[in-house]
Amino acid sequence: MFFKLQAFGILLIMGMLNLAKAQSIMPSDSLATPETKYLFNSMQKMAGNGVMFGHHDDTAYGVNWKLKDSSDVKNVTGVYPAVYGWDLSGIELDSLWDINQIPFTTQARLVRQAYERGGINTFCWHMNNPFTLKTSWDTSAVILKQLLPGGTHHEVYLTWLNRAAKYLGTLRGSAGEPIPLLLRPFHELTGNWFWWGYDNGTPDDFALLWQFTVNYLRNEKHLHNLITVYSAADFYTDWEMMGRYPGDEYVDILSFDRYQLDSADTYQTHMKRQLDIMQQAAIEHKKLTAIAETGYQGIPDTTWWTKQLLPLLSEYKQLSYVLIWRNNGPEHYYAPFPGQGSASDFLEFYRSDSVLFQDKLTPLTVYGPQHQQRYNKNLRRND
């Protein structure tokens, strides 16, 4: 592990030198906390030196286990992923559990643990429909502009934002510092299966809702630890991806969700088209990029990791991270577990220089020297 970290440290220094030659991208929030700025800068430095690997709800549950401080990814590779995905869904209704029945108290503990070891936490939000109070997949009775100031459902939306902000504000490190978080609201925004989808409201309505949401969390709730992720679904043109874009001052990372649903050739064709479009948009808007969700349910292809995903990550080196969807049980999973058919291939994937797991990141390289000192202090305390 020492040699892996040492080698990656050299690559990171090279990345810093390359970054110094180019203009550094700043967080869209000018008041971002020191740890948040450091994380965002670190993500820029790592881009081109390896794509961070993530898994949704990784330490909360997996195949044949739940809430047992385990990880299917770690059980196969021996290390945790670099990025941890979570969901805010349920917090808007003042629920004690998220959409996947994880107590928010447990989720908060797992977020802190990931942060302490130098992992990165990202939140999506399958927000319930504020017009019907049904799930996010209920697209009925929606008029996006009615959530804005003066709208019929603005107060409902404010209440929901307040509840989310209160919870996010509790996510703090050992010294009381706000944990930097990637926030991915209104994800898969080019689709039509969520209430905020493309068929409900004009592009301007959506952009105004995004702007209001980000401004409210920053300026009214004083959450300056949020790195904002713009997340599309399927698209064929730049306009389809960026037509609802709210503006550079409200976005830090461009991303999309795309799964393998049919043949490998079709997956590769769609992924490369979308990656090409996204990378060009990122250059124009000076943003980082990510594959916010992907995977192959059940992983029936035993070489999927090295034959399908790895070639994409090796070709599109500027990606910041890729996140695989959750392991909900033996009939619904996206990451391997011990004994699963693709586990040995996943080990080869893990060993690639194109991919970064937790063992190639440290609190120092991700969050800075102060966080490393706190991490070391906690280690000594626990010895």
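Glycine residues also receive a Cβ, built from the backbone N, Cα and C atoms like all the rest.
Annotated in TrEMBL:
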- GLU188: active site, proton donor (ACT_SITE)
- GLU293: active site, nucleophile (ACT_SITE)
- HIS126, TRP193, TYR259: substrate binding site (BINDING)
- 34-359: domain 'GH26' (DOMAIN)
- 1-22: signal peptide (SIGNAL)
Set of same-chain residues at least 6 away whose C-beta sits under 8 angstroms from TYR259 (substrate binding site): GLU293, THR294, GLY295, TYR296, GLN297, TRP325
Conformational class of GLU293 (active site, nucleophile) under the three-state DSSP mapping: strand
All-chain count of other Cβ atoms within 10 Å of TRP193 (substrate binding site): 12
Neighbour count (Cβ, 10 Å) for GLU188 (active site, proton donor): 23
Largest separation between Cα atoms (Å) of residues that the record links to substrate, namely HIS126, TRP193, TYR259: 18
Close in space, distant in sequence - HIS126 (substrate binding site), Cβ under 8 Å, 6 or more apart: ASP87, LEU88, SER89, ILE99, THR135, SER136, PHE194
The residue listed as 'active site, nucleophile': tally of other CB atoms within 10 A of its CB: 25
Average pLDDT across the domain 'GH26' (34-359), rounded to a whole number: 98
Secondary structure of GLU188 (active site, proton donor) (DSSP, helix/strand/coil): coil
